[in-house]
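Visitor: The ATP binding site annotation in TrEMBL covers Glu28, Lys68, Asp136, Ser137, Gly138, Lys139, Ser140, Thr141. What TrEMBL records for 110-139 is region 'Disordered'. Annotated domain 'GRF-type' per TrEMBL: 482-528, in sequence order.
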Amino acid sequence: MAYGGAGPVGGSGSASTIKQVKLERESELRIEVGNDAPLRLRLLNGTAEIFGTELPPEIWLNFPPRLKFAVFTWFGATIEMDGATETDYTADETPMVSYVNVHAILDGRRSRAKASPPDDSDASQGPRVIVVGPTDSGKSTLSRMLLSWAAKQGWKPTFVDLDIGQGSITIPGCIAATPIEMPIDPVEGIPLEMPLVYFYGHATPSNNVELYKVLVKELSGMIERQFTGNTESRASGMVINTMGWIEGVGYDEKLCSMLKDVLKSEPKVDVVKLQRSGGVVSRNAKVRQKARSYRIREYFYGLSNDLSPHSNIANFSDLFVYRVGGGPQAPRSALPIGAEPAADPTRVVPVNINRDLLHLVLAVSFAKEPDEIISSNVAGFIFVTDIDIQRKKITYLAPSSGELPSNVQTAFICDDVAGKCLKLKEGVEGSFCSSVLVLRFARPAPVMSPSHSCSSCTWGMKNSTVSSHGGVGRRFDFAPLCHCGEKAIMRTARTAKNRGRKFWGCPKFKGGSEEVVGCNFFYGAVKM
């Protein structure tokens, strides 16, 4: 959590606007932090929680500008606030009782799954909850509550975020999954220790339905493989947050009735209709677009502008750029008479590097060949700040110092994800292209030091730490899977050429037993 000190927000010389609010049992305080200054809040007495995470008593918490949240209490509490809010009010009619009842049912099913024999794939499978509904109906908030309550009970559920328009785990335009081992921090949000991220590049599935389906299938397959070797995660189940897209290929406004009709032949599927919280605020397209811009800026500069991205330079000759979802499948001459050429939504097309790529956000993926781009997950994101055509060099901002991981690909975010004008830094505005682009390095580059990592690395990464500039940086580090399917471990090279350097290797390699022999997996040496 973002803990604050004991003094007022503005220091000893500034006026402090402290306000106390007494909450009755089963009521909540709904708050929208102002646009210009943070808000401090603490629990004076009683018990209270924010989206399922309990507040520590007598400790100030710092909430950044524009954040919207609600403090709920089951038995009564007194809350103290220091700072200005856009709005704050108390509500005594909430759907929390129905929400916690759902949690209780899920907890019972997790216990039964844990007690079942591991070889019984059906009985040992914990509940899989899919939260569906229209835009701005509180799906993300309900998902956080169910996850935090489960983690509080000792479970480790997997959170799957399919909402590409909002991005709860990483920046918008991605689908992602991560295990939840602790109640979710009400300020920092979803923990970023072990996320698995796939890049889509649009704010709605309707822009490229086929690509969205392919990525969801890839993510699903990876999670299933994780569950196969982890009985604890399998019993804990998952919570899936979906898009608010319920028309066309999605479902219309009669969502609950349609789902019951579609799933009536599935005996193990229950459709539960829950009341929408009165604290949910409807947002227009402009407000959602602005929220996406803030989300992307937060990736590079932090929630409270406390991170320090690093500037790096690469040669054009080191890069190959591709577009995903462009170009016709076949020329008109090769088609039957009267047929029109149709664009292939999953085709990978080469793109020349030029000034059109300036001020674009790129996603770094683990693909090593162009045909692996769509099926590969994402390591992190960079922002193009300059393209020198004469010198054939590209300058970009990255969450950490050093070069990008070796043998990686990179993809751009399109304009409907973050808007035409993303202000990453004072005087620097970012525009976005209209389709997904991908970039591949022509030669290997050293992998980052494993001290900390960026906010969308593969399953097994670490969180952020202090950088050399006094701010906080995030790196592209990860713990990849070796050819045996095991999570690789960090080793130290002893050869004359790479002595002292770190690399990822198979955990079973040269284990001292003839019966336990690992593979020859090796992933790049790390500069110390």
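Any Cβ shown, glycine's included, is placed from N, Cα and C.
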Visitor: Give me the long-range Cβ neighbours of Lys139 (ATP binding site): same chain, 6+ apart, Cβ under 8 Å, in sequence order.
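Guide: Listed in sequence order: Val131, Val132, Gly133, Asp163, Asn241, Thr242, Gly244.
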Visitor: Using a 10 Å cut-off, grab the number of neighbouring Cβ atoms around the Cβ of Gly138 (ATP binding site), all chains included.
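Guide: So the Cβ neighbour count for Gly138 (ATP binding site) comes to 20.
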Visitor: For Lys68 (ATP binding site), which residues in the same chain are close in space, meaning a Cβ under 8 Å from its Cβ, but six or more apart along the sequence?
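Guide: Same-chain residues close to Lys68 (ATP binding site) (Cβ under 8 Å, separated by 6 or more) are Ile31, Glu32, Val33, Val281.
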Visitor: Restricting to the domain 'GRF-type' (482-528), report the mean pLDDT as a whole number.
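Guide: That stretch averages a pLDDT of 62.
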Visitor: Taking only same-chain residues 6+ apart in sequence, whose CB is under 8 Å from that of Ser140 (ATP binding site), what do you get?
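Guide: Same-chain residues close to Ser140 (ATP binding site) (Cβ under 8 Å, separated by 6 or more) are Asp163, Gln166, Ser168, Asn241.
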Visitor: With ATP as the bound species and Glu28, Lys68, Asp136, Ser137, Gly138, Lys139, Ser140, Thr141 as its recorded binding residues, calculate the greatest Cα-Cα distance and give it in Å as a whole number.
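Guide: The span, Cα to Cα at its widest, is 19 Å.
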